[in-house]
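A short worksheet on the structure shown next.
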Amino acid sequence: MAEIILDKVTKRYPDGALAVSEADIQIADGEFIILVGPSGCGKSTMLNMIAGLEDISSGELRIDGQRVNEKAPKDRDIAMVFQSYALYPHMSVRENMAFPLRLAKVDDATVKSKVDEAAKILDLTQHLERKPANLSGGQRQRVAMGRAIVRNPKAFLMDEPLSNLDAKLRVQMRTSVSKLQKQLATTTVYVTHDQTEAMTLGDRVVVLRGGLVQQVGSPQFLYDNPANLFVAGFIGSPAMNFLPGTLENGQLSTGLGTLALSDRVRTLAEEAKAPREVIAGVRPEHFEDAKLMDESAKAGGTTFTATVDVLESMGSDKFAYFTVEGETATSQELAELAADSGSTETGDSGAQLVTRLSAASTAVEGQPADVWFDADKVQLFDPSSGKNLTYAG
Amino acid sequence: MAVIGGSTTGRKARWTFVDIAVVAYALIPVLWTMSLSFKTAEAQTDKNFFPSEWTFDNYKAIFTTDQFVRALVNSIGIALIATLIAVVLGTMAAYAIARLDFPGKQALVGVSLLIAMFPQVSLVSPLFEMERQLGLFDTWPGLILPYITFALPLAIYTLSAFFREIPWELEKAAKMDGATPAQAFRRVIAPLAAPGVFTTAILVFIFCWNDFLFAISLTSTEASRTVPAALAFFTGASQFEAPVGSISAAAVVITIPIIVFVLFFQRRIVAGLTSGAVKG
């Protein structure tokens with residue numbers, strides 16, 4: 001159990017590359033914190049610095065109020081779960097889990113009871129005498145977790161622990177990791193590139209981009225109030241829709257037509273001294289099939305008509321895809337996100353719009369549909385800086 | 001099942017023929033030597049592959065002479081000590097080369113490769129002079145030292161390849177589990193590198209065991225003469241008789257430790273020991 005504080009922690013490689021730049025993060029005792037970002041954003045480097053596997057170039061790392069910059073990993077009392085699990089292949093599951101205790105010179109009886117206890121929690125009791133090579137991916141993952149929990153460390157560090165599992169198992173393990181963390185109430189730092197894991201697991205999420213902390217906050221807060229375009233585009237699946245727009249007298253003109261901003265949005269935008277040219281962001285669930293709504297409900301938004309390109313029925317909802325004519329929203333941050341998700345190659349003309357409609361929607365593929373969206377939920381971003389102009393934090 | 005180049009049986013037959021040819025090419029001289037070692041002195045030149053009359057006289061003869069037994073002890077002692085030292089030093093050097101980035105690493109690797117390429121025969125005369133000056137001539141260390149020198153590059157190269165195969169993350173995991181670098185090496189890396197260490201040990205041992213050049217040049221008496229060199233000093237029953245039978249018998253005898261060594265360590269060279277360490 002411990003509080004971990006990163007105070008302007010920076011990692012600069014000898015070749016001058018900056019991996020992490022002045023990260024300031026306070027991790028409370030027992031908190032489950034997620035470091036998330038696209039590959040190369042410095043999240044693993046940050047984790048390795050907390051672990052002690054990489055030196056800290058400048059800044060200070062404190063665990064329980066004590067500076068640990070110069071401490072070797074073994075003296076930090078932190079356990080780590082690796083992406084590859086890093087199980088010792090020549091040892092049985094029991095020996096793997098007992099290894100940290102043996103190194104700590106714990107007596108045999110205690111080792112046995114602690115390993116048995118951990119095995120019970122992780123449902124590994126019947127596999128204790130097997131070698132890692134004879135285990136399935138999920139079992140190996142659990143052994144790696146077991147090795148981390150046996151010695152009650154001050155904190156757990158997890159480096160994409162679920163990314164080698166298949167999709168179904170990943171969802172199961174995600175729940176068990178979450179349960180385990182609640183049960184043990186040990187401070188946990190979890191690295192992932194998967195925004196779903198970030199949203200579902202953490203008490204708080206740290207979004208990183210190019211070594212810079214973009215935003216820290218609870219998953220819901222990040223979702224509702226992204227600090228900039230990058231966070232807005234990274235958090236949420238399907239991603240937020242971005243459209244270039246022009247702001248004039250409280251009216252926003254986009255490829256979807258012109259709408260009057262709500263007072264709340266307009267005030268925020270004015271306070272932030274919004275430029276004329278903006279990028280408007282609307283989450284898919286803030287759209288609705290206009291036919292399903294009465295006139296009074298429609299008052300707070302705008303209705304547009306467009307042809308449905310693709311309609312995906314998920315049972316509970318329907319996802320309708322439209323093409324918005326005109327310019328695509330462009331910014332460096334959006335380009336980076338697109339490159340990370342590999343969507344630069346789709347080659348669609350115009351902007352793709354994803355909307356989540358109620359299952360009762362009568363929209364038909366290839367036919368025009370009337371779609372309403374909530375003007376109060378529109379977020380405005382500065383195209384040059386990426387800053388959220390309607391940030392209500 | 002489609003097989004490139006004809007039917008399966010035809011393919012099998014061709015490969016069987018090739019295999020037999022290779023094995024025969026390699027083994028016939030060995031079998032011939034064995035045959036000679038079991039022949040009586042009179043039958044040595046009868047040109048028969050199988051001895052008409054089997055005898056163990058040649059073996060009895062070499063083991064009754066002090067010359068051969070003494071040489072065998074020298075060979076085993078020198079080869080084992082040289083192997084041990086070369087493998088221990090090689091393991092440490094290879095680990096450093098595989099894992100660390102230190103100044104002069106490339107130079108070190110380059111120099112060790114240079115030593116391996118250096119023609120040994122050109123070093124014999126200087127070594128002879130140096131060892132006489134230092135009093136190492138005709139002693140065990142006088143052979144062990146050059147053997148280590150020439151076996152080390154071999155050991156470093158084979159071992160660093162093995163170390164590179166061991167996932168880096170295992171060591172990080174050991175560190176996180178509370179191990180000192182020495183503990184991580186001893187309890188995680190060394191057991192995993194064992195197959196590589198044994199393979200290297202076999203290669204180095206064979207190199208030391210088979211050496212003739214240094215053995216003949218740097219020894220003068222039974223004090224340190226190894227078997228390959230001692231064979232040259234065998235004498236027949238009379239000066240008109242070549243000691244073909246004894247030499248053959250001795251040659252067969254010195255092959256046995258190699259076979260034993262390989263068979264003994266082969267069981268430990270278990271492939272895929274590292275499987276299951278990472279991913280799956």
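Using N, Cα and C of the backbone, Cβ positions are placed for all residues, glycine too.
The transmembrane segment annotation in TrEMBL covers B:12-32, B:76-98, B:107-128, B:140-163, B:184-207, B:244-265. Residues or ranges marked as domain 'ABC transmembrane type-1' in TrEMBL: B:72-265.
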Thinking of Cβ pairs under 8 Å, which stretch from B:12-32, B:76-98, B:107-128, B:244-265 has the most of them with the transmembrane segment (B:184-207)?
B:76-98
Across B:12-32, B:107-128, B:140-163, B:244-265, the most C-beta pairs under 8 Å with the transmembrane segment (B:76-98) come from B:140-163
Who are the long-range neighbours of the transmembrane segment (B:140-163) in its own chain, taking Cβ under 8 Å and residues 6 or more past its ends?
74, 77-79, 81-83, 85-87, 89-91, 93-95, 97-99, 109, 112-113, 115-116, 120, 123, 127, 131, 189, 193, 195-197, 199-200, 203-204, 207-208, 211, 214-215, 218-219, 224, 226
